[in-house]
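Following: one structure in structure tokens, then a few remarks.
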Amino acid sequence: MAYYSARLRTRQTYSWVGRPLLDQKLHYQTYKEMSMKREDYSTEIHIQVGQFVLIEGDDDENPYVAKLVELFEDDSELYSKKRARVQWFIRFCEVPVCKQHLLGRKPGTQEIFWYDNPTCNSNISVETIIGSVRVVALAPDEVMPIDLKNKKTFFVKLSWNEKKFKPLPPEVFAQLNKLQEDNHRYQKPMQAKTKSAESPSWTTTEHAVKRIESRHSTSKSRHTASHPVTPRARKRLELSSFPRTPNTRISPAASCASLDSPGRMKRKVAFSEVMSPSKRSLPDGFQTSSPALKAPEKTGEIQHSCTKDAKKTSPDHGMILRARAPALKITETSEERTLTPIGGGRKSSVVPSVILKPEYIKRREGKEPEVQDEAPSTSRIRRKSSVLTLNRIRQQLRFLGNSKSDENDEEFLPAAEISDCDSEEEEASTTPLPRRTPNSVSRNLRSSMKSSLQTPSKTPKKTPEPRTPRDATPRIRSRNLTAQGPTNMLEEARLRLHVAAVPESLPCREQEFQDIYNFVESKLLDQTGGCMYISGVPGTGKTATVHEVICCLQQAAQANEVPPFQYIEVNGMKLTEPHQVYVQILQKLTGKRATANHAAALLAKRFCTQGSSQETTVLLVDELDLLWTQKQDVMYNLFDWPTHKEARLVVLTIANTMDLPERIMMNRVSSRLGLTRMCFQPYTHSQLRQILLSRLRHVKAFEDDAIQLVARKVAALSGDARRCLDICRRATEICEFSCQKPDSPGLVTTAHLLEAIDEMFSSSYITAIKNSSVLEQSFLRAILAEFRRSGLEEATFQQVYIQHVALCRMEGLPYPTMSETMAVCSRLGACRLLLVEPSRNDVLRRVRLNVSQDDVLYALKEE
């Protein structure tokens, strides 16, 4: 869509045209026409009632489209007394993103929809009108035009009523068709497309033919077209036209005119004796349809046919004949030189216009036998042998094709057994082969001989391996088969205890759910905006509760219990930079992408402009603390937009810190956030037990004591429900691995849960030390002994090695060599249990623990 600048609206003047009509009921004056005039232009634009106009909106690139229903002047308006009543159309980008899939297809480039919503405000100011457009109504079975150059032509096929797309009502369709017929300025886009499809080369040919007519033709009626040229006819003429060579161009209409005219100018064109071969192979149609270049007795037939064709076709159908420059010696040419476009993307060159005449044709026919007589006999023999070879290759390839298609077992006959008499008869009956360059002939012969040497096989060829397609579409890998279901009770429990599994209900948060639901519902019913701050430690169900509220509100909106709204969710963890939140909101709101600054400006215009928002928007901002910046402009805008009356924006923010507004926000930001706040307390052990039982309903995989143990353990530490679910899932894995009979696994006991809790709450360093070898554990004890002896938390490898040897002697173990101890030190350093200097220092490199000494002692203690 073209960019309609809204900055020029202030330099336009609007005035009424015609005498006013008084409305007796509403007591205001109505008009039938208005005019728009810009100060820097002298022209005026007149718009009448019933026309379609563009109206200034939020997006300057996509203004609103409407039909003028009434023009009137209302004295009760303070700012703009010139008013208009319109019938709105809606673009596809204005449809909510969550409902765009209801169309069921890809919308057209210039497609709009009849907006069937009586509650929408249709009273606008005349000063918001940008200009007039054309709207064409299409039947449901008509095809939407593609690639239109006129961006001010729109097409409508369906209507939109905020719920679904429907076909246009019959009365609306008839009304739009009547308006289309009344508009005389409307032109069908297909005609413009046909006109624009004409190639410039045909226009140049037309000018050349007209120039030749003015000089040589006596009758202009032969060259006048009686009907327009269609692209299909032009393509057919191109296929049957003469081959194009770089230097000479001739049109059949012009040549026929020159043949018919008795008083034509004499031109003597002499050709060289040796004709250079053409670069292209001539088609068979050219050899049979143009024998006049070789047979002088058929010149009259050519002249007669050209005369007939000139009466039927227009000069645009002029066929082009080009001859190579080295093959011509021009003695007398026309004084006028034209700029001839060369086809195929070559550079254009200035060449003289040459017209073939009967005299020239006779002279050429007379010279051809001389050239053939002067040619040596060896060339004729070579030409004959090449013709025979090509004929044999053709027969063999034809035989190979027939043998592949037929399944009958036939005996293979080589090409050498074909009789010479048959080849001579074929040579006499077939048309002469086109002249080619030696390189092209030898290349074709090599490729043909290579195919002829292949013996046909009765067994089918191997199927080719699938290759990467040329135009591959990137996509995510998908399964060919569905995922296998759970095979036992433990697998079923593991699936239900997953964090991503959606439970049937959300227990233990009924009060918080009701408070959030009432807040959002009141804003939707009042069509106003507001903010709510939700805080709580991780894993307390904040985001899950809000999702449940939105799901229930969407179901209520479908049942017409609450007004429809648009839901958008943004997570601060998924943003690379805080200002990218504008880009995400704009993309989910309108489906467009823009830079951060441009998106912020568009959103501010949408939420702060009067009458811009059509429905309420509910915005969920998760991880709000990650949107903090030095100027705090992002938080300020998110909390300031809902304060505007026209915004209809409800913002729900979620963070982990309860005192976040007072701790990191400025006063001007926290004051706009308001006092509507909610805190999610950590789960108690009874609530965690209820959550586990609700997920494990009808699945007996845990002992009652085990569930009670894990609920109390997690509630005492953090109250995180996600941590509780992860511990239970790990306990099911431990129970499944420890069971002797996989087919009949037992229940998850308290021992399994204690083991899972130890893994979950213990450090990975402690686990690594416990699972290390005896030599590695002895080396760690030597490090602790050296630290205790020196009083420092750093020692050289040589000092640690002395302590290591002493400990091995005390325990009666064979102490390792220096190299073995060096390898042990390097391995512990690779595991990041030690911080070791590079090995170039050898025994003097320093060693330091990467974990605390208490953790090492706890891991090395004997159980």
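Including glycine, each Cβ sits where the backbone N, Cα and C put it.
Residues or ranges marked as ATP binding site by Swiss-Prot on the basis of similarity to another entry: Val502, Gly536, Val537, Pro538, Gly539, Thr540, Gly541, Lys542, Thr543, Ala544, Glu623, Asn656, Arg722. Neighbour density for Gly539 (ATP binding site): within 10 A of its CB lie 21 other CB atoms from the protein chains shown.
Swiss-Prot lists Asp622, Glu623 with the feature Mg(2+) binding site. Asp622 (Mg(2+) binding site) falls within a strand segment according to DSSP. Taking all protein chains in view, 19 other C-beta atoms sit within 10 angstroms of the C-beta of Asp622 (Mg(2+) binding site).
The compositional bias 'Polar residues' annotation in Swiss-Prot covers 193-206 (among others).
Sequence annotations record features per position, and here Swiss-Prot assigns compositional bias 'Basic and acidic residues' to 207-216 (among others).
If you look up Swiss-Prot, you'll see 295-315 (among others) marked as compositional bias 'Basic and acidic residues'.
Annotation source Swiss-Prot lists compositional bias 'Acidic residues' at 419-428.
According to Swiss-Prot, the compositional bias 'Polar residues' annotation covers 429-449 (among others).
The compositional bias 'Basic and acidic residues' annotation in Swiss-Prot covers 462-474 (among others).
Taken from Swiss-Prot, the feature domain 'BAH' covers 45-171. With DSSP classes pooled into helix, strand and coil, the tally for the domain 'BAH' (45-171) is 15 helix, 56 strand, 56 coil.
Per Swiss-Prot, phosphoserine is recorded for Ser199 (among others), and the stated evidence type is similarity to another entry.
As annotated by Swiss-Prot, phosphothreonine applies to Thr203 (among others).
The phosphoserine annotation in Swiss-Prot covers Ser255 (among others).
Residues or ranges marked as phosphoserine by Swiss-Prot: Ser258 (among others).
The phosphoserine annotation in Swiss-Prot covers Ser276 (among others) and is backed by similarity to another entry.
Taken from Swiss-Prot, the feature phosphoserine applies to Ser290 (among others).
Annotated N6-acetyllysine per Swiss-Prot: Lys329, in sequence order, evidence recorded as similarity to another entry.
Look at the binding-site residues Val502, Val537 and count other Cβ atoms within 10 Å of each Cβ; Val502 has the fewest. The Cβ of Arg722 (ATP binding site) has 14 other Cβ atoms within 10 Å, all protein chains considered.
Using a 10 Å radius centred on the Cβ of Gly541 (ATP binding site) and all shown protein chains, the other Cβ atoms total 22.
Distance from the CA of Asp622 (Mg(2+) binding site) to the CA of Gly539 (ATP binding site) is 13 Å. Other Cβ atoms within 10 Å of the Cβ of Glu623 (ATP binding site) number 17 in total over all chains. Long-range neighbours of Thr543 (ATP binding site) (same chain, six or more residues apart, CB within less than 8 Å of its CB): Asp622, Ile654.
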